[in-house]
Amino acid sequence: MGSTDSPDHHIIVVPEGRYCPVPDLVFPDPYTYELHIHASTPADKLAERIRDATILILSAVPFPAAHLSAACTPRLRMIAVMASGTDHVDLGACRARGITVAGPGARMKFGVMERVVRGGGWMGGSCHSLLGDGRGREAPTCGEEVLGLVGFGGVGQRIAEIGRVLGMDVLVAERKGAEMVREGRVAFGDVLRRATVIVLILPKTPDSVNLISTAELAVMQPHAILINVSRGGIVDEEALVAALKAGAAGPANSVLAREETRDLNLILTPHVAWVAGTTTTNVKRITRENIEGWLAGRPVNVVT
């Protein structure tokens with residue numbers, strides 16, 4: 001890498017550049033930068049490649065506290081995330097060192113929203129043939145469906161719009177365990193009981209891990225469709241598989257972190273809902289704005 005002496009010179013490292021093209025950056029005087037892009041980075045090479053970085057542009061590579069320590073990344077000041085979540089970055093470690101983390105927010109919403117509507121499965125009833133095991137049913141019309149949304153950020157709001165256009169009754173869940181229900185929201189448990197289609201669109205945090213488990217699956221309607229376009233781990237995989245095997249849960253379309261399943265009423269899709277032309281353009285633009293805004297002292301889309 002180049003000189004690390006000047007505080008006005010930034011070293012930008014992209015450990016995993018294969019997922020989304022890095023935007024062109026314009027740094028005003030007196031700032032300069034050099035850019036180091038790696039298509040991918042094996043775990044045993046990561047510390048070496050990020051050692052002198054002042055700015056990191058990340059996609060999916062995990063960044064635990066060890067990589068964010070002053071010993072490993074002594075000059076690191078800013079992280080720009082080009083992914084839909086930040087659960088792979090230890091935000092606590094970043095806060096402790098004053099490292100700014102910024103992400104694209106809801107700019108990936110169009111690709112994810114369309115994946116839910118087109119490929120997520122307004123299939124109604126069983127994923128199996130109606131004659132396969134005798135448990136199937138005729139698919140209801142959209143006007144008969146009740147759409148339950150757990151998470152109401154940019155993606156959730158867009159899915160709600162589409163659901164209403166299709167004639168669905170839309171319920172937005174209040175936070176699980178909340179003592180008060182905000183206007184326009186419905187109690188978490190009531191959404192699970194009433195919805196025929198439940199979509200999970202929320203970040204993975206300590207509070208959302210295993211948000212849907214045995215008790216929650218038990219109160220859902222027998223033919224309810226559960227769609228998880230969030231991270232694996234928000235649904236308790238062992239509980240979901242047990243419910244599907246027992247026939248106690250309807251179709252599921254999920255992101256799984258560990259469990260592999262076959263011959264269940266389950267659809268698994270590649271982690272590619274965000275891959276769309278508009279999404280890529282938006283993420284590049286927002287990443288550029290995040291870095292240049294931070295450099296100008298006007299940070300935007302800050303996570304921590």
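Even glycines carry a Cβ here, placed using N, Cα and C.
Annotation source TrEMBL lists domain 'D-isomer specific 2-hydroxyacid dehydrogenase catalytic' at 33-102.
Look at TrEMBL and you will find 140-273 tagged as domain 'D-isomer specific 2-hydroxyacid dehydrogenase NAD-binding'.
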Restricting to the domain 'D-isomer specific 2-hydroxyacid dehydrogenase catalytic' (33-102), what is the model's mean pLDDT?
95
Three-state composition of the domain 'D-isomer specific 2-hydroxyacid dehydrogenase catalytic' (33-102), taking helix and strand from DSSP:
19 helix, 18 strand, 33 coil
